Amino acid sequence: MKIRLRFRDISFDIVNYVLLALLGFITLYPFINLLAVSLNDPLDTVRGQVYFFPNKFTLDNFKIVFDDSALYMAGLRSILRTVVGTFLSVICTMMLAYTLTRKDFILRKSINLIMIVSMYVTGGIIPSYLLIKGLGLTNSFWVYILPGLIGVFNVIIMRTAMEGLPEGLIESARIEGANDFQVLFRIILPISLPVLATVTLFNSVGHWNSWFDNYLYNTRDNLNLLQYELMKILLQSTSQMVNNASSTGYVDSDAVKNVTPEAIRATMTVIVTFPILLVYPFLQKYFIKGALIGAVKE
Amino acid sequence: MSLSTSPRTSTKLFTKLRSQYQLLIMSVPFVVLLIIFSYIPLWGWLMAFQKYSPGKGIWKSPWVGFDNFVTLFHDERFFLVLRNTLVMSGLSLVTGFVGAILLALLLNEVRHSFFKRTIQTVTYIPHFVSMVVIANIVLTFLAPEGIINALLLKLGILNESVFIMGKGELFWFINTLVGLWKELGWSTIIYLAVLAGINPDLYEAADVDGAGRFQKMWNISIPSLMPTAIILLILSMGNIINIGYESQFLLGNPLNLDYSEVLDLYALNLSFGSGEYSVGVALGIFKSIVSLLIVITVNFIAKKSSGIRLF
């Protein structure tokens, strides 16, 4: 009886570990494959499949992407948006969250109500578009920053973390004559680094990944972001495949040159994904806490 | 100090405001921003009852009552798009829900914390990757010369390569799988936290009684997850008509449009494609009302049947 139980236990473990490892593989494999394609000779990729490693290693694809001035500028804009947007969002979120931890604050209840309702009631995509157009924010860099400056979700995460801080600390600082700005930036900020890391991660990932505001509001090419450029390539490839599927006997004209849209697409995908993979493992232990606060309070 | 008719209360308010001026500086500008971008668009709902034209604006466009809603409910395309929206969100709701609980249970059974953490780290990654990147991956893998086609050819399942994204009938399936792949790991976080919080005494008592692993899972782990699961279910039910449009926008193409178009994209199309702004807004209002009704209904049912509720 006992032996049979133990046998069942072990076989369960084996099946479980295999299943989970398989899931891990399925999650990672697309990234590995794209990396291999981006490092492979484009003509070789057209001829046969690339699975795990490049067959004919080359850095040409990356050179082509980095030499393209439009893509280069889009990359700089994406970095600028992420840095400026995240910095402003985190500072502003922190200030708003702090005021909401002050129980005697006169507007506390009204602000809470305004925030919660805004999570459930939205005007929708077209009224928002008309508003932003009316405010003159179309074709401007600020449309990337201002509408999303305050994320209610992030305010809640920060407020919850600040409420968990020892009250005596803040109280004694106030007795010694510190004003609200000093309390926030000198006392609270240094001991709130975990939650700051969480909110910074959520914000920066959000900014880095955004493309729809670019698509909807900034129609001139001089404000394009990297994600949007990648989206344009995606749509081009899709429409080419649609055309090929509806006509017979096609010639892949680009394959004649030493560059293919597939290779460029893979390379850009790698470039766009890379920063996220770079920062993510280091912040992981912080943001899980943040995600839990968000989920519970939602 | 004050010219108001009730000097005492207004003076008190004034002193309080003055003593809290720093808090006001720290909050009012951002609340104003929130009001501008979240509440002023609600004003645009009026457009649904007008024949709006961008040239005249909301002040001068003629009023037409409920005509736009009538147009919408007589539009065959609207019902097609509604079907797509409901089917896709239903599929992703069910698969995501079951998948997350299943994966959390499996991860919870892993005793090597290094292995467990590695799997968690890896499966969280796609959550942070943009939909544009994911769509690129999908298109690359499903392209006629892509890896999936190569595999199916090798296995003899296909005789010639096909453009899988062009097969509309497959779109719901593909979209569901993609969503699952992206969010499965991330959605286990809350369940894992609940599982970690279960009193170990319960498992020990079950051990003493000779319970196997499946029995412990069935009788301890799953019941412990249920309250959280129900709350999350209520929350996501409200969004069943409100699924995003990113993946449908990026994975959609003219060949699969009858299966990939969802309400938001149709609203955009009506407004910017055909200039039917008012019908687009009417569609938005329809969506808001339906999701509100669903949340209230589900909340009511959950309260009656299990005592768990959201509000």
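Along the chain as shown, residues are numbered 1 onward.
Placement of Cβ uses the backbone N, Cα and C atoms for every residue, glycine included.
A TrEMBL annotation is a machine prediction, not a hand-curated record.
Computed from a predicted structure; not experimentally measured.
Over in TrEMBL, the protein carries these features:
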DOMAIN    B:82-302  domain 'ABC transmembrane type-1'
TRANSMEM  B:21-46  transmembrane segment
TRANSMEM  B:86-107  transmembrane segment
TRANSMEM  B:128-152  transmembrane segment
TRANSMEM  B:172-194  transmembrane segment
TRANSMEM  B:225-245  transmembrane segment
TRANSMEM  B:277-302  transmembrane segment
Do we see three or more Cβ pairs under 8 Å linking the transmembrane segment (B:225-245) and the transmembrane segment (B:86-107), pairs being at least 6 apart in sequence? yes
Which of B:21-46, B:86-107, B:128-152 contacts the transmembrane segment (B:172-194) most, counting Cβ pairs under 8 Å: B:86-107
Apart from its near flanks, which chain residues at least 6 from the ends of the transmembrane segment (B:86-107) lie with a Cβ under 8 angstroms of it? 116, 119-120, 123, 172, 175-176, 179-180, 183-185, 187-188, 191-192, 195, 217, 221-222, 225, 229, 232-233, 236-237, 239-243, 248, 262
At a C-beta cut-off of under 8 Å, are there same-chain residues at least 6 beyond the transmembrane segment (B:128-152) that contact it? List them, or none. 158, 161-165, 174, 178, 181-182, 246-247, 250-251
